[in-house]
Amino acid sequence: MEWDKDRIRNFCIIAHIDHGKSTLADRLLEYTGALTGREMTEQVLDQMDLERERGITIKMQAVRLNYRARDGRDYQLNLIDTPGHVDFSYEVSRSLAACEGALLVVDAAQGIEAQTLANVYLALEHNLEIIPVINKIDLPSADPERVKKEIEDVIGLDASEAVLASAKSGAGVEEILERIVTRIPPPGGQTGAPLRALIFDSHYDPYKGVVCYVRVVDGSVSNGMQIKMMATGREFEVSEVGIFKPYLASVGELRTGEVGFITAGIKNVKDSRVGDTITEAGRPAPVPLPGYRKATPMVFCGLYPVEAGEYEALKDALAKLKLNDASLTYEPETSEALGFGFRCGFLGLLHMEIIQERLEREYGLNLITTAPNVVYRVKTTAGETIEIENPSKLPPPGKIEFIEEPFVRAVIMAPKDYIGPVMELCQERRGVFTNMEYISVNRVMLNYALPLSEIIYDFFDQLKSRTKGYASLDYELDGYRQSDLVKLDVLIAGEVLDALSVIVHRDKAYQRGRHLVEKLRGLIPRHLFEIPIQAAVGNRIIARETVKAIRKDVLAKCYGGDVTRKRKLLEKQKAGKKRMKQVGRVEIPQEAFMAVLSVGDK
């Protein structure tokens, strides 16, 4: 197909989890003949094993489709698939920056969910043309008219012309493609201007080096060209230029408006940053593209190798993962209990789980993870403000004037029958009610201000179980507020274990400490001496459990005889245990560190 900028359409699909986004992408690929029947598997664009197992999209993927429209002209459509989960909204915002339009996919039975709303607002910020698609119309419980009304009332988009489709059966797919061609504008940009290409993603290939996924905004890029990264100033020679079919396929050149990939023998991971602008070394562009706002990590945890010798391997793996996931942050730290490791920042709990699983699977590492926590702000008596990412770094209580914790604005959508349980859960988690509105006759939208630290444990699971899976949640950071917080330490055999320290609200400290020591008692194996497990706030012990010692029966050989003989043996054993207690080391299994996670409000 001849290149013509006016016949290029760059679009993405936005939807809540499970509204059929990846299946719709499959149908579009199939309809336009991008893949043969043999290559077609379900959820083609979810290429990671993890994505298939969990049934969610984690990484955005790009693919080029060629489509002959009803007007008889050939169009080049670049689809950029996006994730739907709240933790990956950064991936979504990056793919939106590379598009001119978006398909808004809404489940005909479920209606609008919290996540859909958040992504639509992102798309509107980027001035994208939005095409509503009501999916799963073949479900018995589908109610397209109600969903159309919801789209108009809640989002304010005209849904009278929404496409009714079923990604499963393929109904409505041609209509969607026609809408993309007629409604989404062609890309802007100047063909003759110096090259400007936006890196919207990248991954590391052991043979080719860094593979940059780019959207060419101005000019063109071809094999052999000398390019320059505008943020770092480094120069490279392009070795391969290509497109996504969705597998990588070489072409000689990428022109204005096209989406594809570039390799240039970039060996150092830091040289190609996502959001950077690529330009021609000999004829550089005067200003870079706006790029992206930096992702702010919300949740932090420590990652430590089980074997101390794997530290370098972990460092290397994190550097390569960061290339593929720009929202991950990490810095080295040491723990008295766990040795050398990294303090990592994530966008949320699911993001943390995924990164941990990817490190273990893709890089074969064995890891210990400490309990996740948020960033607290501490105003000291000396008048300075410090940010605390690690609970063990909290200053002593005497030096603290007050502590602030991050709050979020949470939007919860649920059927009206579940208003009670949802409000009860939010109150338990120290939530502050802001307002409530009915979206339709049966569905309600609740707005709450909640402490982020209360959300990151099991809030989402609890919300789902109390509403039988019908509620959906979306949240965004809403500044810091002052709270009455204390540090809860865990002492094992009299020693503070820094990796188990957590920062909790004073009202919940006793309950949390009680749960924690009970849980640890079941997880720490018995030793030859007894082990006290204590939870403490400051110098005050608030809960204690004891792991009893394993005792050898020293009286087995004594048959009858004098009681003093037996007492002598028992005293001797007691003295030995006492000595052992002073020098003995307590073995703490990995489960003990994870116990802190699962100590919810039971």
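A Cβ is built for glycine as well, from the same backbone N, Cα and C atoms used for every other residue.
Look at Swiss-Prot and you will find ASP18, HIS19, GLY20, LYS21, SER22, THR23, ASN135, LYS136, ILE137, ASP138 tagged as GTP binding site. Under the DSSP three-state reduction, SER22 (GTP binding site) is assigned to helix.
The annotation domain 'tr-type G' is assigned in Swiss-Prot to 6-188.
Reduced to three states, the DSSP call for ASN135 (GTP binding site) is strand. Per-residue confidence over the domain 'tr-type G' (6-188) averages 72 (mean pLDDT, predicted model). Around the Cβ of ILE137 (GTP binding site), a 10 Å sphere holds 21 further Cβ atoms from the protein chains shown. Summary: among the binding-site residues (SER22, ASN135), the fewest other C-beta atoms within 10 A of the C-beta are counted at SER22.
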